[in-house]
Structures are given as C-alpha cells and as structure tokens.
C-alpha cells in the first residue's frame, strides 16, 4: 500500500507573480550596475578598440600589468637616485690652510696660535644633491660679509636660489645659501669648500 502526503504539505516550486517580478527587477538592476561599471572601466583604459565586455576586461588586465611594471621601474629609479644622493651629500669641514701633521712637534705657544687662527676662520659646510647645492657658513660678524660671500658663490658658477643670515651669539653669523649649479659647473664639493675658504682668507 502506497502512502501519499497530503496536498497541503507538499513543497510548491512555483513562485508567486509578485516574487517573480521582484526577481526580474533585481536582476535588471544588477545588469545595469555591471554595464555602468564596464563603461567606467572602459573610460580609464586607453586605446580601446572594441567595447564588448570581453575586450574591455582583456585590455584592462593588460593595462594594469603595464602600470605595475611602470611602478616597479619608477621604484627602482627612486632607489638608485636616493643612493646617489647619499653618496653626493657629504660634509666637508676644512681645517686652517696651514694645518699639517707636524703640528704636534711645535711648541705650546704655536699650538695656541694655531687654535686662534682656526677659531677666526669660518666653518664651511657644503652639500650637493644632483644639481642642487646647500652651503652653510659659520663666521665672524663683519660689515658686508654676506654680500662678499654671495658674490663669491656666484663667481663659482652657482645660481643663488635663496639665502638667509642668522646671528649666533654677539660676534658670529650663521649663513645658509641654497644654489643651483650652472651648466658649466664642474667642481667637486670639496673643491667648492676650498675655494670659499680661500676667498674668506682674502677678505677677512
């Protein structure tokens, strides 16, 4: 004997008209969103020849890979430039011109005279990064010293971008100069500092 379930307990597979209509509307909205996003994607991918979805996706993938490769190249260039800057950005503090390794054999009076000369000479620091140069000079306060320094810097094939002077104590100045190398500038940083030191020896 075969038993059958009551008709009321059987699961119905048919949908009500309102539910089917909601499903159709939801599917339509989903397709509209996809279409809008494909249009937006096609607008940012250069050189599209076909506008069908498969072509847009394929070209978008190629474009993203191209951008990733470009980013990798730029990162490598940035790392290389940073290393070069570190090599070029060095400080050079030069002692007095008459300092040498034999000063230990001189008398205590000579040592005192050397210390006095070193204190009277300016402390010059120069940094270079590619075509940019920053010069810092710590020197005694004298009338017209800034004009003389700027004139000397310009004579060395450097174009002054900015300069500032700050008093340090009652008798010294701290001069900072930012400049750019001219096309004919071929001097090393150590040579730049030496030339500035020699110029100070002339007008101080």
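Each Cβ is built from the backbone N, Cα and C atoms, and glycine gets one as well.
Because TrEMBL annotations are produced automatically, they should be read as predictions rather than curated entries.
Over the coiled coil (57-84) the predicted model carries a mean pLDDT of 81. As annotated by TrEMBL, coiled coil applies to 57-84.
The compositional bias 'Polar residues' annotation in TrEMBL covers 1-19.
If you look up TrEMBL, you'll see 18-67 marked as domain 'BHLH'.
Feature annotation from TrEMBL assigns domain 'ACT' to 134-204.
Per TrEMBL, the feature region 'Disordered' maps to 1-23 (among others).
The region 'Disordered' annotation in TrEMBL covers 96-120 (among others).
Taken residue by residue, the domain 'ACT' (134-204) breaks down under DSSP into 26 helix, 28 strand, 17 coil.
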